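Going by Swiss-Prot, these are the annotated features:
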TOPO_DOM  1-15  topological domain 'Mitochondrial matrix'
TOPO_DOM  35-40  topological domain 'Mitochondrial intermembrane'
TOPO_DOM  67-72  topological domain 'Mitochondrial matrix'
TOPO_DOM  106-128  topological domain 'Mitochondrial intermembrane'
TOPO_DOM  184-190  topological domain 'Mitochondrial intermembrane'
TOPO_DOM  224-232  topological domain 'Mitochondrial matrix'
TOPO_DOM  257-261  topological domain 'Mitochondrial intermembrane'
TRANSMEM  16-34  transmembrane segment
TRANSMEM  41-66  transmembrane segment
TRANSMEM  73-105  transmembrane segment
TRANSMEM  129-152  transmembrane segment
TRANSMEM  156-183  transmembrane segment
TRANSMEM  191-223  transmembrane segment
TRANSMEM  233-256  transmembrane segment
Amino acid sequence: MTHQTHSYHMVNPSPWPLTGALSALLMTSGLIMWFHFNSMILLTLGLSTNILTMYQWWRDIIRESTFQGHHTPTVQKGLRYGMILFIVSEVLFFTGFFWAFYHSSLAPTPELGGCWPPTGIHPLNPLEVPLLNTSVLLASGVSITWAHHSLMEGNRKHMLQALFITIALGLYFTLLQASEYYEAPFTISDGIYGSTFFVATGFHGLHVIIGSTFLIVCFLRQVKFHFTSNHHFGFERAAWYWHFVDVVWLFLYVSIYWWGS
């Protein structure tokens with residue numbers, strides 16, 4: 001900030017957008033190779049380069065914000081707008097899945113037996129594992145709010161405790177979801193019901209894994225004293241994202257598990 005007369009962050013040239021794009025190409029190509037030729041080499045390479053890119057990009061952002069002071073209030077305002085727009089785009093992303101589900105379930109075709117769930121499909125009981133999953137995510141929403149309030153009050157110990165609980169609940173949710181998939185009496189290839197169920201809940205599960213990773217990074221940063229009560233936008237973004245994941249799950253539970261069964 002020494003040689004500039006404005007509060008904006010002029011980012012230095014970075015290779016990470018390019019390596020991120022290339023890793024995305026490798027992952028999508030790798031998925032096709034896995035599906036059609038049962039080879040995971042390209043997918044593994046894509047995932048590895050993606051993880052390395054994320055690590056190094058996050059490292060640079062942490063350096064610029066925490067140690068170099070480039071994230072001024074003006075920059076933080078822009079980042080807030082960016083995160084809001086990102087969450088709006090995610091809402092529209094999931095809207096497509098809900099649209100596909102309701103389009104198929106509200107007027108089932110004769111090929112489905114004229115009913116929903118389609119003939120031959122035995123849906124999961126919404127009062128068993130799905131209800132437990134709902135309780136787990138709602139509890140994690142409470143604990144991350146506790147973490148946020150503790151951070152605002154400067155209570156580092158409680159913030160770390162609450163954040164650890166949130167991460168543990170997120171990982172528990174992922175474990176429950178994996179066991180549910182393993183025991184489900186239908187698969188993704190079982191017509192429109194199987195495809196809408198697994199794609200919608202699967203992408204939500206992916207978002208839970210991403211959110212848990214985001215929170216783990218925040219936990220490690222808080223251990224190293226990176227956040228203060230006035231400067232903690234990285235954690236704030238993670239909390240927003242986690243609440244979004246909570247709300248999407250409530251819609252999934254009511255629509256697909258409860259009403260759809």
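From the backbone N, Cα and C atoms, a Cβ is placed for every residue, glycine too.
The average pLDDT computed for the topological domain 'Mitochondrial matrix' (224-232) is 88. For the transmembrane segment (16-34), the partner stretch with the most Cβ pairs below 8 Å, chosen from 41-66, 129-152, 156-183, 191-223, 233-256, is 41-66. Under DSSP, residues within the topological domain 'Mitochondrial intermembrane' (184-190) fall into helix, strand and coil as 0 helix, 0 strand, 7 coil.
Outside the transmembrane segment (191-223), and at least 6 residues removed from its termini, the chain residues within Cβ reach (under 8 Å) are 58, 62, 66, 90, 93-94, 97-98, 100-101, 104, 112, 116-118, 121, 123, 137, 144, 151, 156, 159-160, 163-164, 166-167, 170-171, 173-174, 177, 181, 234-235, 237-238, 241-242, 245, 248-249, 252, 256, 260.
The residues of the topological domain 'Mitochondrial matrix' (1-15), classed with DSSP into helix (H, G, I), strand (E, B) and coil, number 0 helix, 0 strand, 15 coil. Long-range neighbours of the topological domain 'Mitochondrial intermembrane' (106-128) within the same chain, counting only residues 6 or more positions beyond its ends whose Cβ lies under 8 Å from a Cβ of the stretch, are 180, 184-186, 190-194, 253, 257-258, 260-261.
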